[in-house]
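According to TrEMBL:
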REGION    1-52  region 'Disordered'
TRANSMEM  74-93  transmembrane segment
TRANSMEM  105-126  transmembrane segment
TRANSMEM  133-151  transmembrane segment
TRANSMEM  157-177  transmembrane segment
TRANSMEM  184-204  transmembrane segment
TRANSMEM  210-229  transmembrane segment
TRANSMEM  236-255  transmembrane segment
TRANSMEM  275-294  transmembrane segment
TRANSMEM  315-334  transmembrane segment
TRANSMEM  394-414  transmembrane segment
TRANSMEM  420-439  transmembrane segment
TRANSMEM  475-495  transmembrane segment
Amino acid sequence: MTGNSGDDTPVDVTKGAPQAETGATVATSTEHPPGAAERAAPGSRQGDFGIDTTARTTGQALRDYGTRLRSGELGSLPALLGLLALFILFTVLDKGGVFPSLLNLANLLQQGAGRTIIAMGLVFVLLTGEIDLAAGTASGLAAALMALHLVSGGNMLGAMGTTVFILFVVVMLLAAALAAFLRIWWAVALSVVAALLLVVGFPQNAWLEMLLAISVGVVIGVLTGFLVAKVGMPSFVVTLALFITWQGVILQLIGDGGTLGLRDPVINAVANGNLSTLGSWLLFVVGAGGYALVLLNRQRTRLAKGLVAQPTGLVLLKIGAVVVLGAVATYLLTQDRSPGLIEISGVPYVVPIVLVLLVVGTYVLDRTRFGRHVYAVGGNREAARRAGIDVVRIRASVFVISSAFAAIGAIVYSSKVGSVSPAAGGGNTLLFAVGAAVIGGTSLFGGRGRVSNAVIGGAVLATVENGLGLLKQPAAVVFVITGLVLLVAAGVDVLSRRRSATAGR
């Protein structure tokens with residue numbers, strides 16, 4: 001999935017091809033190589049302080065950052081400022097003091113995690129200039145099969161019926177063959193695993209059920225990616241059709257008005273459980289320490305190779321901010337937040353889940369050849385093709401990744417609800433996920449964005465939903481405000497691109 005790492009090897013995909021109309025380029029200078037993401041498309045890491053800047057001091061780096069902001073490279077800044085404003089606004093408006101309480105803040109993390117994970121997967125698709133409208137119902141189908149395996153004790157033939165069971169096995173084996181044709185080998189393995197979990201009839205086991213869900217997500221992604229990347233059908237049409245199709249399949253599996261309960265302590269704990277106090281602090285040490293080591297090692301490596309590096313003061317400032325914020329958050333979450341007699345404390349399990357996915361996704365996009373190729377395809381597909389990049393494989397792979405993330409998100413939100421219904425993954429699930437990615441700073445036009453954008457955007461939308469709910473606003477108001485926030489984010493994206501083009505970037 002990740003491809004080969006090659007941090008400082010430029011990727012020139014503009015030879016003999018025009019630049020992308022969006023202004024995103026996919027070539028680099030060997031004299032002054034940029035960072036991993038910029039090698040594929042400048043602006044993909046826009047808005048980061050001092051990233052590969054020519055500045056040698058912190059002051060110069062900050063001035064350079066201000067210049068980039070004025071030229072339209074806003075990155076995640078609007079979303080971060082909006083998140084801060086929302087926290088202040090809801091804290092002031094909530095006279096009962098529930099919104100800023102520890103119990104509600106932990107609940108907010110658990111409520112928004114599932115859809116935020118789906119949004120993280122969608123970032124890969126959006127970076128290539130495509131769209132995946134089926135991510136919501138794909139997650140619902142993965143959740144339905146997970147719950148069906150749990151409820152039936154592994155007897156999927158009896159639970160599905162012979163015809164449906166055979167169709168599922170055939171589709172899974174077909175997906176394995178298509179993944180092999182596309183040379184997405186990890187997808188081949190998981191597609192075969194999905195078929196085996198259905199056929200063998202393993203007894204009830206929460207870990208196998210969750211593996212089945214993820215494998216089903218991969219199968220769905222392979223089918224989608226093949227139709228879009230190899231057959232050449234528009235992603236909007238394919239995913240819209242599959243959105244409806246998967247909704248029908250979910251209805252077939254669960255039944256109209258039916259519900260599949262998830263009465264398993266392991267699955268229920270995914271979104272409702274918490275780390276111990278010791279586990280919470282260990283997570284902080286590993287997370288903050290790992291972040292510090294990565295930044296310091298990156299700076300040392302770039303300086304040793306004679307490349308432009310972030311100013312030392314700026315690196316230490318970033319590390320200090322993460323350490324302080326992480327320590328405060330960990331301390332607060334390890335306090336008893338229960339209004340009753342039973343103690344509730346510790347960092348929710350969803351936090352390390354999201355962090356692990358964030359680290360993996362960021363590494364793939366920033367530090368691997370595959371990630372640079374994703375940005376390159378999104379910046380200028382024809383230029384990428386002429387440079388020898390396997391555009392078909394890249395475009396297909398991002399749909400597989402998106403559906404795999406959607407399945408993980410399904411595990412989380414199904415755990416929070418405690419059941420799976422025919423409406424799983426429907427409703428506003430997809431809108432929330434796409435909105436989270438765009439609001440966080442990922443461009444709908446491709447070539448610009450990061451996995452962290454989805455996390456920030458997901459926090460914004462979860463805060464809006466949670467805050468308005470505590471203010472007892474009707475669902476109509478929540479939908480209207482969420483839609484307006486998304487509209488503003490899309491407008492900011494368009495205006496920033498236009499301003500960047502005007503500035504000659």
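Just so you know, glycine gets a Cβ as well, placed from its N, Cα and C.
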Near the transmembrane segment (475-495), which same-chain residues lie under 8 Å Cβ to Cβ, leaving out any that are not at least 6 residues past its ends?
72, 74, 78-79, 82, 428, 431-432, 435, 438-439, 441, 443-445, 457, 460-461, 464-465, 468-469
Could you check whether the transmembrane segment (157-177) packs against the transmembrane segment (210-229) - three or more CB pairs closer than 8 Å, residues at least 6 apart in sequence?
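As far as Cβ distances go (cut-off 8 Å, pairs 6 or more apart), the transmembrane segment (157-177) and the transmembrane segment (210-229) touch.
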Does the transmembrane segment (133-151) come close to the transmembrane segment (236-255), meaning at least 3 CB pairs under 8 Å for residues 6 or more apart?
yes
With a Cβ cut-off under 8 Å, give me the same-chain residues at least six positions beyond the ends of the transmembrane segment (105-126) that come close to it.
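For the transmembrane segment (105-126), the sequence-distant neighbours (Cβ-Cβ under 8 Å, at least 6 residues beyond its ends) are 132, 135-136, 139, 235, 271-272, 274, 332-333, 337, 344, 348, 350-351, 353-354, 357-358, 361, 365, 374, 398-399, 401-406, 408-414, 416, 429-430, 432-438, 440, 442-444, 446, 449-451, 453-455, 457-459, 461-463, 465-466.
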Considering pairs 6 or more residues apart, do the transmembrane segment (210-229) and the transmembrane segment (184-204) have at least three CB pairs under 8 Å?
yes
Find the member of 74-93, 133-151, 275-294, 394-414, 420-439 that has more C-beta pairs under 8 Å to the transmembrane segment (184-204) than any other listed stretch.
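Answer is 394-414, with the largest number of Cβ pairs below 8 Å.
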Count the CB pairs under 8 A between the transmembrane segment (133-151) and each of 74-93, 275-294, 394-414, 420-439, then give me the winner.
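When the Cβ pairs under 8 Å are tallied, 420-439 comes out ahead.
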Going along the chain, which residues at least six beyond the ends of the transmembrane segment (74-93) come within the CB cut-off of under 8 Å?
45-48, 99-100, 439-441, 450, 452-453, 456-457, 459-460, 463-464, 466-467, 470-471, 485, 489, 492, 496
